[in-house]
């Protein structure tokens, strides 16, 4: 490969609705990086890595943890469940991965506490009980934790260093959230789940149980708590290459996604700066990860969605060959044709420098492929995804049809070795979206990657 440029930083973002295969590519690119940074989301994200045939699922810790010697950072834009963090750390340590000496956690991270997940589940249940469509959250407490952050009442990692301050803030927070949870209980739309039972007494989340667990976590977290903003800026000055790892995808961004069917954070590349504490001038290359087809978990509009549960259909082929089940929830992913008009929107809001196309091998064996190049919306032809779920739901895709291929692309590592029709499909995606293809993934394995332009070597 081309030699990496010293002091170069790359942002990796999903360009669809998440699940694009970012984890593998972050792991692959970390060969050229000295630090990997998570800058938004929480343990609702799910990244799967396959290294030497061994599968590892990560939800909170940056994917670079699988590369020995690489430092990993959890930035201020992440909402942190200490309980889930230590579950993940212990799982990695059992597999022989050194974590604690390499992981740095921003003291400004808001904490996810046990009642946040209960609020998340209660609200989804209330929507369903009231006849509304569910948002499709993971039920992990991400949204309620971000709400507390924006309302300026969140408990943050730095509060764990001050037990009296933490206790006072926790009491205020519990008074508010217990009141809300009681209203859901009385409505009959919600019951406390088993995970919350250890924290309950007389139908309320108890201060002592939450506080004592938090103080146990505080002792374990102390060696990893850091001024992540300062450390990242110092690392850059020293010539380190940094990789900023996005979670979820652009169409789940709270501002730019299919609102309200979105997550609670900004998933776009610009948030790599705000969510980690570096200036935007330090973001040198933005790599957009996109599947060779589209998938979505949960509710919300999906213009190119296919019948994916019926055997013998292209959608069923994508679902089964692509093993389209959520890493975090296990829910089946909805499947559909590639949407280049959607990708135009993602390219616009992220400022994409290059694309990485993943899961190309899943399309092997399909006789023909359809590529969405625009939509009919209320009698008008448009060539970019509109803003707003209601408008997107009314979009009728305009397709181009391309020939498929029968030869296997699994494990191909040279572009010229791909079937001619596969190359034409990729070239048409680049033409319609006006974004060059930098990388292509031809299986989940780390080494099954075609490199066109290395993000750390591009001028």
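In case you wondered, yes, glycine gets a Cβ from its N, Cα and C as well.
Summarising the annotation, Swiss-Prot assigns active site, proton acceptor to 19 and lists sequence analysis as the type of evidence. Look at residue 19 (active site, proton acceptor): DSSP puts it in coil.
If you look up Swiss-Prot, you'll see 47 marked as active site, proton donor, on the strength of sequence analysis.
Annotation comment: Swiss-Prot describes 18-24, 46-48, 333, 359-361, 441-443 as GTP binding site, evidence class sequence analysis. For the recorded site, residue 442 (GTP binding site), the DSSP three-state label reads coil.
A coil conformation is recorded for residue 248 (IMP binding site) in the three-state DSSP classification, outside any helix or strand. Here residue 248 (IMP binding site) comes close to 14, 17, 18, 40, 41, 44, 45, 263, 265, 267: these same-chain residues lie at least six apart in sequence, with C-beta atoms under 8 angstroms from its C-beta. If you look up Swiss-Prot, you'll see 19, 20, 21, 22, 44, 45, 46, 47, 138, 152, 248, 263, 331 marked as IMP binding site.
Annotated Mg(2+) binding site per Swiss-Prot: 19, 46, in sequence order, evidence recorded as sequence analysis. Of all Cβ atoms in the protein chains displayed, 21 besides its own lie within 10 Å of the Cβ of residue 46 (IMP binding site).
The feature substrate binding site is assigned by Swiss-Prot to 327, 328, 329, 330, 331, 332, 333, with sequence analysis given as support. DSSP gives residue 330 (substrate binding site) a coil state; it is part of no helix or strand. A simple way to gauge crowding: the CB of residue 330 (substrate binding site) has 8 other CB atoms within 10 angstroms, across all the protein chains here.
The Cα of residue 333 (substrate binding site) lies closest to that of 19, out of the recorded positions 19, 21, 360, 442. Under the DSSP three-state reduction, residue 46 (IMP binding site) is assigned to coil, being neither helix nor strand.
Annotation for residue 442 (GTP binding site): spatial neighbours 360, 361, 409, 410, 411, 412, 413, 448, 449, 450, criterion Cβ-Cβ under 8 Å with sequence separation of six or more.
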